[in-house]
Amino acid sequence: MAALLLRHVGRHCLRAHLSPQLCIRNAVPLGTTAKEEMERFWNKNLGSNRPLSPHITIYRWSLPMAMSICHRGTGIALSAGVSLFGLSALLLPGNFESHLELVKSLCLGPTLIYTAKFGIVFPLMYHTWNGIRHLIWDLGKGLTIPQLTQSGVVVLILTVLSSVGLAAM
């Protein structure tokens, strides 16, 4: 069997060496090479002054898109905040009461305290309500574009109302 295969390959190589045109059965000339295609592509795009890839400026921002980005951002910020709070409680001298007394001794006005509490509670409430919205999506509900926008508005209203209420406590 090996001898037959060797004989066939040997004949093929001999034919290719003596007369290469007989060994190529369906010789089709290439239209263009990859290099020519690439040069034509770059010449066309550079001449038209368009960006290399879809750029952020061509997208129309929608409420669900912005809320998705904000949900990720609040998740990162809340994780970092909890981690920093835990590390500061572990490493700073004193206890909670001494830190609370320090804040009270600063004599900050009620407006500044309310604003600080609102700033702390707003990302938490947004992430919570938007997380509930994502859980509803996991059930397969509210996935049409109008429902996405409506649920986004509801999340924003609930976020503001609950943040105002919690900051007032």
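The backbone N, Cα and C atoms fix where each Cβ goes, and this holds for glycine too.
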Membrane topology agreement for GLU36 and GLY140 per Swiss-Prot: yes
Intrachain C-beta neighbours of HIS127 (heme b binding site), sequence separation six or more, cut-off 8 angstroms: HIS71, THR74, GLY75, LEU78
Residue counts (helix, strand, coil, in that order) that DSSP gives for the topological domain 'Mitochondrial intermembrane' (93-112): 13 helix, 0 strand, 7 coil
Number of helical, extended and coil residues in the topological domain 'Mitochondrial matrix' (138-144), per DSSP: 1 helix, 0 strand, 6 coil
